[in-house]
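Undergrad: Here you go, one structure.
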């Protein structure tokens, strides 16, 4: 626990410095951003926009690896960690409730038009998590900080397959570092974050990703794999984990609601200032149907609140695994898939298409953030998670596309036995 204590003390120290120098960093950011925006070279805007949006690519690749590779558990943990980054950032933004530079400073152009609060930078925080965690989760040899050693044959084989030369390891880490720096710099150039907001996002991201990598990853990886390999019907899989995650979910929702209400009724009471921010957002978005209001669910504290509810994906996914009680053997799955035809693999992917059906519900605008969150946003997340963990394995089995070692593979007659008992 020495690193956790040291890193926590370092985080507290930086937070103290951030409070002291917040105004100074804001003023220096104004000068820096104006220089960046007024002295551009051809293609600079596209370059920074690229690094601002490409951050979503590793998450999509993680989802594809879940669908296509045998690293199902690694993919799940990677997506979980990214979701935790989004969730924590939403909570932190409502806690700080600091505006974005283009909302306040008339000299700064809002090239990016983000509508929630700006501190800490979500792109900066999650870029650290997304890029570095992708390396150490899918390619463990790129990091040497694991607390637990590989002990079983399956993980030993995976570890051997992912060994890289020292030169390639250095290149991948330097490349990830450069992507993180460019992501933060792009947010400053686009006028949506100050230097202080970006730096604070990096600090939170480093704190989360290093402590997770050292203390949590190997434990969770082995725990989930062991739960999926339980063969005794008397043992209930994911029972303790589902209870633990349920408690965390309730705790996060309580904090999320508390921060939302504090922002609505205490922190943001200057109507003139709020209207100025909303006018800047409206102008940046080129909205033609009227100005955004503070009741719009995608602006200010409402948007941060919705980000905080993203933890419901982790909660619902673990509950889905608990209800499914399926098993998974990655080596057996990999061996079986090697002998399957391309048509067979494509047909299996088609079973993911029903996940697109609930997505149009997210376009519904209610102007009540609680209705949006608890009657639309969270239910859609539950539907998606439970389709993957419950319906998808059942459909594969029903239409004879299930293979040995399948993720959450259903045993013959399991639900019939459950109903009889």
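Positions of Cβ are set from backbone N, Cα and C atoms, glycine also.
Note: TrEMBL annotation is automatic and uncurated.
Quick paste of what TrEMBL says about this protein:
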TRANSMEM  46-68  transmembrane segment
TRANSMEM  75-92  transmembrane segment
DOMAIN    75-213  domain 'Phosphatidic acid phosphatase type 2/haloperoxidase'
TRANSMEM  128-146  transmembrane segment
TRANSMEM  167-190  transmembrane segment
TRANSMEM  202-221  transmembrane segment
TRANSMEM  241-260  transmembrane segment
TRANSMEM  299-325  transmembrane segment
TRANSMEM  346-364  transmembrane segment
TRANSMEM  370-395  transmembrane segment
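Show me how these features fit into the shown structure, please.
TA: Proximity of distant same-chain residues to the transmembrane segment (46-68), defined by a Cβ-Cβ separation under 8 Å and at least 6 residues beyond the stretch ends, is recorded for 74-76, 78-79, 82, 111-112, 123, 126-127, 130-131, 134, 138, 179, 182-183, 185-187, 189-190, 345, 349, 352.
If one looks beyond the transmembrane segment (167-190) by at least 6 residues along the same chain, the residues whose Cβ comes under 8 Å of a Cβ in the stretch are 29, 32-33, 36-37, 44-45, 47-52, 54-55, 110-112, 121, 123-124, 127-128, 131-132, 134-135, 139, 141-142, 197-199, 201-202.
With a threshold of 8 Å between CB atoms, the same-chain residues lying at least 6 positions outside the transmembrane segment (299-325) that come near it are 76, 79-80, 83-84, 86-87, 89-91, 93-94, 97, 115-117, 122, 227, 236-239, 241-242, 245-246, 248-249, 252-253, 255-257, 259-260, 263-264, 268, 274, 277-278, 281, 292-293, 369, 372-373, 377-378, 381-382, 384-386, 388-390, 393, 408, 410, 414.
Proximity of distant same-chain residues to the transmembrane segment (346-364), defined by a Cβ-Cβ separation under 8 Å and at least 6 residues beyond the stretch ends, is recorded for 67-68, 372, 376-377, 379-380, 383-384, 387-388, 391-392, 395-396, 401.
Cβ atoms under 8 Å from those of the transmembrane segment (370-395) belong to residues 297, 305-306, 309-310, 312-313, 316-317, 319-321, 323-324, 326, 351-352, 354-355, 358-359, 361-362, 364, 401-402, 406-410 of the same chain, restricted to positions at least 6 beyond its ends.
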Undergrad: Could you break down the residues of the domain 'Phosphatidic acid phosphatase type 2/haloperoxidase' (75-213) into DSSP helix, strand and coil, giving a count for each?
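TA: Within the domain 'Phosphatidic acid phosphatase type 2/haloperoxidase' (75-213) the tally stands at 98 helix, 1 strand, 40 coil.
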Undergrad: Let me know the model's mean pLDDT on the domain 'Phosphatidic acid phosphatase type 2/haloperoxidase' (75-213).
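TA: A mean pLDDT of 87 is what the predicted model shows over the domain 'Phosphatidic acid phosphatase type 2/haloperoxidase' (75-213).
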